[in-house]
Amino acid sequence: GFPGEKGPSGEAGTAGPPGTPGPQGLLGAPGILGLPGSRGERGLPGVAGALGEPGPLGIAGPPGARGPPGAVGSPGVNGAPGEAGRDGNPGSDGPPGRDGQPGHKGERGYPGNAGPVGAAGAPGPQGSVGPTGKHGNRGEPGPAGSIGPVGAAGPRGPSGPQGIRGDKGEPGDKGPRGLPGIKGHNGLQGLPGLAGQHGDQGAPGAVGPAGPRGPAGPTGPAGKDGRSGHPGTVGPAGLRGSQGSQGPAGPPGPPGPPGPPGASGGGYDFGYDGDFYRADQPRSPPSLRPKDYEVDATLKSLNNQIETLLTPEGSRKNPARTCRDLRLSHPEWSSGYYWIDPNQGCTMDAIKVYCDFSTGETCIRAQPENISVKNWYKSSKAKKHVWLGETINGGTQFEYNVEGVTSKEMATQLAFMRLLANHASQNITYHCKNSIAYMDEETGNLNKAVILQGSNDVELVAEGNSRFTYTVLVDGCTKKTNEWGKTIIEYKTNKPSRLPFLDIAPLDIGGADQEFYVDVGPVCFK
């Protein structure tokens, strides 16, 4: 007979097996390594950024291993009858059917008109599973199945194009404390310590004959290093330097974790040979041209110069700006002599100073440190203050020069030290024989006290305005005993422009039995 009309659509089938995992996305090459920035303070955590746009579709990689079959989903709700599909291609001829029973031969009737389409019948009971049929033609795509489990990681794909530079990461956690360093050499002899408190005056002893001045004793052993002071407060952030030249590309980073399965993409011709991007083939090292060697050497030299600026060593070739900078860069170092360059110019005018890391001071020694013993001045005229640097012995001024640095260069460095400091201090020791330095025990006043001249021509006196008054730590020059004594004078100020001392003017001198000499202590800035 003639083929019947196409029947209504059947019920929706059960969910298909899970699809194969999508190809792995390409790993972007690491960004170009930037120059190290200046060390700033730890910032507050930023707000979470907005979700970025999805990246471009990666090149299709080889299919991953087939995942295990997912669990059978529950039957879906019956869908509405779909529209009649297009006529399918004729199927292949089936096997001949079995012979039926012979029917009664009827008379040939006339072809009848096509009847109306009947209503959809009720779904029949599910039949038993039939034998596996032959492979039919490819049907229309079915509905998307449920997402299967993540498949095993596929092989590493070829290197993708260079990615955009990522945001700066947050500073890492503080590393563990390093191992203690080896014991260093014995340090140089330290500066003279502060004198002790003035003791109670003893009973006057019998005046003995003045003995000859003994020879200088041997230098004692170096004292033990003091305890490290507390770390200083973090200084203000420095000015941002000019942008340096672009550094060389860093080495490839480690492979990232497998990405989520990508969407199935259509075929696309990229216009290049796939063998060029195979990651499992070793790359031959690039050949460097002569100019590449010159560029590489220049970049290494610039990197070394940047490292010396960030971490000064306190040497003549790599001086620090102040002792405080050296202390911040190397908190484990102990006090001693180091090279600094306060004006940050050419290192040829760097100066050698004593860095006291326990107090954070930068100390510069006077040259010379002492004025030798002598009957400096003889006069029978009226008593008055006489300046050592102007009148006595043709002028003997206090200098603060360092070997290899001119007086003009030293003056420039001292000017920068005053600008960088908030506090300054210095002491001077007046050795006397029958000369009053501070208080006259006979009269009980300070009329015979010495006067000191500061670096900005200010005169520092024993009494008066407290801003210009020095302090006496030890006063052993209060009366005439025909023996040597000493008076230690100290001046501290929050105006560094007033130091160092440039001159001293004693008053009680000029007699035949009067002698004195001076030890100028280091000036310390903080």
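Including glycine, each Cβ sits where the backbone N, Cα and C put it.
Small disclaimer: the values here were computed from a predicted structure and weren't measured.
Annotation source Swiss-Prot lists compositional bias 'Low complexity' at 9-36 (among others).
What Swiss-Prot lists as compositional bias 'Low complexity' is 44-81 (among others).
Look at Swiss-Prot and you will find 110-131 (among others) tagged as compositional bias 'Low complexity'.
Look at Swiss-Prot and you will find 165-176 tagged as compositional bias 'Basic and acidic residues'.
In sequence order, TYR338, ILE340, VAL353, CYS355, ASP356, PHE357, GLY360, GLU361, THR362 make up the list of same-chain residues 6 or more apart from CYS323 (disulfide bond) whose Cβ falls under 8 Å from its Cβ. CYS323 (disulfide bond) carries a helical DSSP state (H, G or I). The disulfide bond annotation in Swiss-Prot covers CYS323-CYS355 (among others), and the record cites sequence analysis as its basis.
The Ca(2+) binding site annotation in Swiss-Prot covers ASP341, ASN343, GLN344, CYS346, ASP349. Sequence-distant neighbours of ASN343 (Ca(2+) binding site) (same chain, six or more apart, CB under 8 Å from its CB) are ASP349, THR412, GLN413, PHE416, listed in sequence order.
CYS363 (disulfide bond) carries a strand DSSP state (E or B). What Swiss-Prot lists as disulfide bond is CYS363-CYS524 (among others), and the listing cites sequence analysis.
If you look up Swiss-Prot, you'll see CYS432-CYS477 (among others) marked as disulfide bond, on the strength of sequence analysis. Contacts of CYS477 (disulfide bond) defined by a Cβ separation under 8 A and a same-chain sequence distance of 6+ are given as TYR430, CYS432, SER435, ILE436, ALA437, TYR438, GLY485, LYS486, THR487, in order along the sequence.
Classification of ASP349 (Ca(2+) binding site) by DSSP places it within a helix.
When the binding-site residues ASP341, GLN344, CYS346 are compared by Cα distance to CYS363 (disulfide bond), the shortest distance belongs to ASP341. CYS524 (disulfide bond) is 23 Å away from CYS346 (Ca(2+) binding site) when you measure Cα to Cα. The highest number of surrounding Cβ atoms within 10 Å, among the recorded positions CYS346, CYS355, is found at CYS355.
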